[in-house]
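Student: Please read through the structure below; I'll follow up with questions.
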Amino acid sequence: MTAMNSNFSYPALGVDGISSQISPIRDVWSTNLQQEMNLIMSLIERYPVVSMDTEFPGVVARPLGVFKSSDDYHYQTLRANVDSLKIIQIGLALSDEEGNAPVEACTWQFNFTFNLQDDMYAPESIELLTKSGIDFKKHQEVGIEPADFAELLIGSGLVLQEEVTWITFHSGYDFAYLLKAMTQIPLPAEYEEFYKILCIYFPKNYDIKYIMKSVLNNSKGLQDIADDLQIHRIGPQHQAGSDALLTARIFFEIRSRYFDGSIDSRMLNQLYGLGSTGSVLWHNNSSTPQIQFRDLPGAHPSPTPSNAGIPTTLTNTSSAPNFANSTFRFPPRVV
């Protein structure tokens, strides 16, 4: 990428003297999905940098057994949860390689169908999202079907294109939910296969958290990094559109401030918390591999399809909101 120019800006942000008459974040439901995807398709060639965030219903399951490494455990935790849960929001923010956003629109927040009566979730996650302004009644009534979104996304020019760069923050779960929607099958049994598929659909991607930790030894969350850089958030925290827009602005700021306008290619296609190899075996409370679900109120997990490759032995745990007896957990994503 080229260095960010001096005119870096996002339209209508409502801060630093920029007009706020038009919101930069466009809500997308089933009723306007085709219209908004058409707009994105008309812009992607000129604005081929896509910053992305998702909101999902928490973490409700963990694998038990023997694992090749801690990274293997982290991936199996991700896999068990993504295969069992439904996405709630996806946020996408477009810009060009200098960080300029389109005038027509710059950020889209896709809202997916979700039913609090039928779909599984972690209660504390839903409570947080509700406090952040997510309208679950509307999600139930006019939310987007993931398959409909995926069909349009595959043909949009955003994925399967080496010319498009994806920017994320602690993005293992984000990409996993997108891949699940596009492939319509459970995630691969092994991380190596997941990574191969990831690089087909998203051949060029940067994870800001990986970059900050690897180069600057900074493991702060998205909001804390924004505060350090004095970047103002637009929209509510813990909503995908706002987080995607903030991700975009942080990326171009750190690229300019710390990397002289060009990030080392070694940072490309690395996911924070996943991917390093190791031969040591990791144990987690059981000699028999299985998936352990939290004992949640309301909806309960359905057995994983046999072709998923995930062990389908389910065990109830206590109703406590954490896995106190778990040796490892996927690093919590802090925003």
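Residue positions begin at 1 at the first shown residue.
Even glycines carry a Cβ here, placed using N, Cα and C.
Copied straight from Swiss-Prot:
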type     : residues             : note
BINDING  : D53, E55, D243       : Zn(2+) binding site
BINDING  : D53, E55, D174, D243 : Mg(2+) binding site
COMPBIAS : 305-325              : compositional bias 'Polar residues'
MOD_RES  : S302                 : phosphoserine
MOD_RES  : T304                 : phosphothreonine
MOD_RES  : S306                 : phosphoserine
REGION   : 292-325              : region 'Disordered'
Student: Taking just the CA atoms, what is the gap between D174 (Mg(2+) binding site) and E55 (Zn(2+) binding site) in Å?
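Tutor: Pair distance, Cα basis, whole Å: 8 Å.
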Student: Other than its own, how many Cβ atoms are within 10 Å of the Cβ belonging to D243 (Zn(2+) binding site)?
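Tutor: Taking all protein chains shown, D243 (Zn(2+) binding site) has 30 Cβ neighbours within 10 Å.
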Student: So among the binding-site residues D53, D174, who's got the most Cβ atoms within 10 Å?
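Tutor: The residue with the densest Cβ neighbourhood is D53.
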Student: Near E55 (Zn(2+) binding site), which residues of its own chain have a C-beta under 8 A away, given they sit six or more steps off in sequence?
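Tutor: Those within reach of E55 (Zn(2+) binding site), by Cβ under 8 Å and sequence separation of 6 or more, are I87, I88, Q89, L129, I134, H238, Q239, A240.
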